[in-house]
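Engineer: According to TrEMBL, the record shows the following:
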{"type": "BINDING", "residues": "8-13, D33, R38, 86-90, 127-128, E161, 272-275, R342", "note": "NAD(+) binding site"}
{"type": "ACT_SITE", "residues": "C272", "note": "active site, nucleophile"}
{"type": "DOMAIN", "residues": "328-452", "note": "domain 'UDP-glucose/GDP-mannose dehydrogenase C-terminal'"}
Amino acid sequence: MVKICCIGAGYVGGPTMAVIALKCPSIQVAVVDISISRINAWNSDQLPIYEPGLDGVVKECRGRNLFFSTDVEKHVSEADIVFVSVNTPTKTQGLGAGKAADLTYWESAARMIADVSKSNKIVVEKSTVPVKTAEAIEKILTHNSKGIKFQILSNPEFLAEGTAIRDLLSPDRVLIGGRETPEGQAAIKALKDVYAKWVPEDRILTTNLWSAELSKLAANAFLAQRISSVNAMSALCEATGADVTEVSYAVGKDTRIGPKFLNASVGFGGSCFQKDILNLVYICECNGLPDVAEYWKQVIKINDYQKNRFVNRVVSSMFNTVSNKKIAILGFAFKKDTGDTRETPAIDVCKGLLGDKARLSIYDPQVTDDQIQRDLTMKKFDWDHPLHLQPMSPTTVKQVSVVWDAYEATKDAHGLCILTEWDEFKTLDYQKIYDKMQKPAFVFDGRNVVNVEKLREIGFIVYSIGKPLDAWLKDMPAVA
Ligand code: UDX
Ligand code: UDX
Ligand code: ADP
């Protein structure tokens, strides 16, 4: 029986291993983590992450061929294939601060693998890492190996949160990079055999190590670039009277461009896009390619511009001040169908409004009060460290209250901002909301989910990203 161990029971490790266990009953899969609370949650009815379909998969496999444990060393030493899916934060100090990946957790995982291994192993890079990390890890493993042979593979994960189970069950492609030696090729085949249990052969791509590593950074950079491109267009649409939804639709009809990932928004968030692009920028700079670095930096600049622009719209529409005004924030997660708030645009928008002394009432169906307070008090890039190492936020932001209902959040508010595209925000009773709000009542839709015309009929002053402005907003231009 093949034994797999995955180090890191997070958003990637947990769902990925659950699906491998589901599809490969003859493989024993152990997911290990240094966080006791995280492992306890994986072993309970309240999984540590909210992901549609995940509960069912875990229930079916847990205790059969899927195990969650804190006994990292035991499971690593017994495994034939070790996946590494630990945090790779952006460095906050020292060389490359604010850009380069901090490989502390990766390196400590690699040293531990070398230390406890008593048999040959395939070590699989699952978390996104800078190109050539595999080479560095290979060196750590071979220099500490005590005669044991390690083959390193890069097998980046392309799942998106909210659709993780669907993406894992039916991936566009699985990418496996390895050494071009006979041993490297044998390792590639061993991992390919695992995926081949449910993924069609022609979707399993094999490359050299560096192509696999770079493909992951490139894919995320391209995706983020599409969003920054459409968001840049949204600003121009507002200035000219074009409608970004119509423009996106028309552009996406070109089969060379395609319709997906062209929704204008208040900005992209999530644990990957910004981090991976910063990483790409750093790698370009280190390789003497400043023009290429500059090109990719623009994707992040436009994303920051979009978030600032949104805050400026809110403030300028309300007579240039939101001081002491109650503003409802609907949605805090970085996208719908997840409770994840890593790099969510809501953090920057809320901080911007708080900077103008607004009082915020925040509602998200999946994000807790604690998490929101932690996010609003944490320093940039500090989120990507193992949870148990993060101090609980010592202070809370007084002007922020977190409530469990959209109607409660909007009661007596001057304005409401939609920052996540949760389906339930489309079907709220906006007449009821309007009746209980201060007048004039404003809606700022950062996700283009509301019916602008209907809301204007009710009496709202509505701003929706990239849509023709109503007269009120035209009179109060916001400059980012
Ligand atoms: C383009 C648009 O495709 C077309 O829709 C519009 O109406 C006019 O402009 P055209 O300039 O004729 O058409 O050719 P196109 O096939 O788009 O190629 C433009 C340039 O891009 C060429 O120099 C081509 O060699 C280059 N190109 C295209 C690449 O370098 N790589 C590619 O993957 C595709
Ligand atoms: C992304 C990649 O999609 C995935 O392949 C990779 O493995 C990890 O990073 P994820 O961050 O989970 O996945 O979500 P994604 O659906 O890509 O959305 C990222 C952000 O872009 C979200 O904030 C989302 O709201 C935003 N977005 C997405 C838009 O603003 N407009 C769009 O059209 C699409
Ligand atoms: P991702 O979104 O990439 O899955 P997460 O932050 O959700 O990232 O998960 C990474 C997990 O890795 C965390 O639960 C963290 O506790 C765990 N981790 C980090 N370093 C180690 C280590 N050396 N050994 C075991 N687990 C680790």
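Glycine is no exception: its Cβ is also placed from the backbone N, Cα and C atoms.
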Engineer: For C272 (active site, nucleophile), which residues of its chain lie six or more apart in sequence with Cβ-Cβ distance below 8 Å?
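Structural biologist: Listed in sequence order: T128, N220.
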Engineer: Where does Q274 (NAD(+) binding site) sit in DSSP terms: helix, strand, or coil?
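Structural biologist: Once the DSSP labels are grouped into three classes, Q274 (NAD(+) binding site) ends up as helix.
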Engineer: Which number gives the other C-beta atoms within 10 angstroms of the C-beta of Y11 (NAD(+) binding site), all protein chains shown included?
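Structural biologist: So the Cβ neighbour count for Y11 (NAD(+) binding site) comes to 22.
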Engineer: Helix, strand, coil residue numbers for the domain 'UDP-glucose/GDP-mannose dehydrogenase C-terminal' (328-452) per DSSP?
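Structural biologist: Counting residues per DSSP class in the domain 'UDP-glucose/GDP-mannose dehydrogenase C-terminal' (328-452), I get 42 helix, 19 strand, 64 coil.
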Engineer: Taking the Cβ of Q274 (NAD(+) binding site) as the centre, count every other Cβ atom within 10 Å, in any protein chain shown.
Structural biologist: 22
Engineer: Please check each of the binding-site residues Y11, N87, E161, Q274 and report the ones with a CB atom less than 6 Å from an atom of ligand 2, ordered along the sequence.
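Structural biologist: Among Y11, N87, E161, Q274, near ligand 2: E161.
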